[in-house]
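Chemist: Sharing the record's features from Swiss-Prot:
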- 12-55: compositional bias 'Low complexity' (COMPBIAS)
- 66-90: compositional bias 'Low complexity' (COMPBIAS)
- 91-101: compositional bias 'Basic residues' (COMPBIAS)
- 167-213: zinc finger (ZN_FING)
- 167, 170, 197, 201: Zn(2+) 1 binding site (BINDING)
- 470-485: compositional bias 'Basic and acidic residues' (COMPBIAS)
- 497-514: compositional bias 'Low complexity' (COMPBIAS)
């Protein structure tokens, strides 16, 4: 790879030189270029200024023939020297072409992305297994805390519960003081389902939100839970991204898989790549569609589930926009998001880890397989959408790189239950295999669920309450008059009389027995 184009927040384009050594990594966030690697505009301006200020006439040059290559050079110079007022003549074009060595601009990857080129940027490589699918391995020995990957999501959505405090475009969380007294947060006036931290973010995201706004407007948030509403928003957000790519392709009149797209990309497109697709990371819908959805592992009852009816409802709403979609295709998208989405945590407060701001589907991060003893951890960079993956331990060349999908502190049966329910596989990692040899009470098999413990505790409390009620009732009876008007003293006297009567009855019965015995004798 000859170079990587960066688009920092100040809207300046920096071209970082790449190294010829494939073993060295080139991070996405690069340092500003040195003096020898300047921008194209700076070089063109410096050359033009030198040519005009020079008093010595240039050496005679052969008159260039008006070929196609000359016209191409003229177009490139005019495009890359937008800040130079004078018009460059043909003679100067020839001199500029000879003196300026334009850096080669690496085109953004088109579909399908070549994941085999990752070793030129990051020390990882993608392999495929017939059963386990694609997975990542280290291409060399790496130390702990080494950054092995940074990634942006293909699709993302803000949680419905935080849509009034998290920007839909950049995922910036509004400070707490502005959440109480909002001043600079812009909610969409059409649907009131998404908001933005600035007018610039709202303007950039409009190219995609214009598709989903009409659908969000039709959704009744009171009919769905916040979790389900967030899932619907991610589904619609993925659809709108797909429609945006289709509209760009139709407007350009070219096939997105056509090789000619590489020739028609201009420098201005890389100068502001967000003008076409928000948060463009070079991925397209075909790359997203290759992710696993596990739809084949679901039974026929899925067609009667709520997810299927949600997809049918979204299909009807899409038809109002002139977009023809199939229920089964939308079901694939919904299940694909469930299997591959990463929750994006918010800013920690009061010692907590922070609530979820939303979720996103990171295509490259989805290649990490699960392990209950992972060697890679990931987190969000500076309250944005970018995710950084670092090593938790030293790894050797060829070792598989894994992350954890669940809480690994849970016992064995709880971990496997979570993975089977959410990801439809039974974990056989080294930690799970080792835990199988533990006693049953340590694997969690004999442990009672929290709900069972709560029920048992409530039952014990009820028994204690009943005992207390019995004691209180007895005390109340002693302190109150009886229904016949007798007091406690009279009650005691009656009890004594009853005891005496019982004794007399017993004596009479004994005397009767003696008489019977005498008769028999």
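Positions of Cβ are set from backbone N, Cα and C atoms, glycine also.
Describe the structural context of these features.
Modeler: Taken residue by residue with DSSP, residue 197 (Zn(2+) 1 binding site) is part of neither helix nor strand, so it is coil. Counting Cβ atoms from all protein chains shown, residue 197 (Zn(2+) 1 binding site) has 21 others lying within 10 Å of its own Cβ.
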Chemist: Can you tell me how the residues of the zinc finger (167-213) break down into helix, strand and coil by DSSP?
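Modeler: When I sort the residues of the zinc finger (167-213) into the three classes, I find 20 helix, 5 strand, 22 coil.
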Chemist: Quick check on the binding-site residues 167, 201: which one has the highest count of other Cβ atoms within 10 Å of its Cβ?
Modeler: 167
Chemist: Can you work out the mean pLDDT of the predicted model over the zinc finger (167-213)?
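Modeler: The answer is 85, the mean pLDDT of the model over that range.
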Chemist: Within 8 Å of the centroid of the Cβ atoms of 167, 170, 197, 201, which other residues of that chain place their own Cβ, given that this set defines the recorded Zn(2+) 1 site?
Modeler: 168, 169, 171, 172, 196, 198
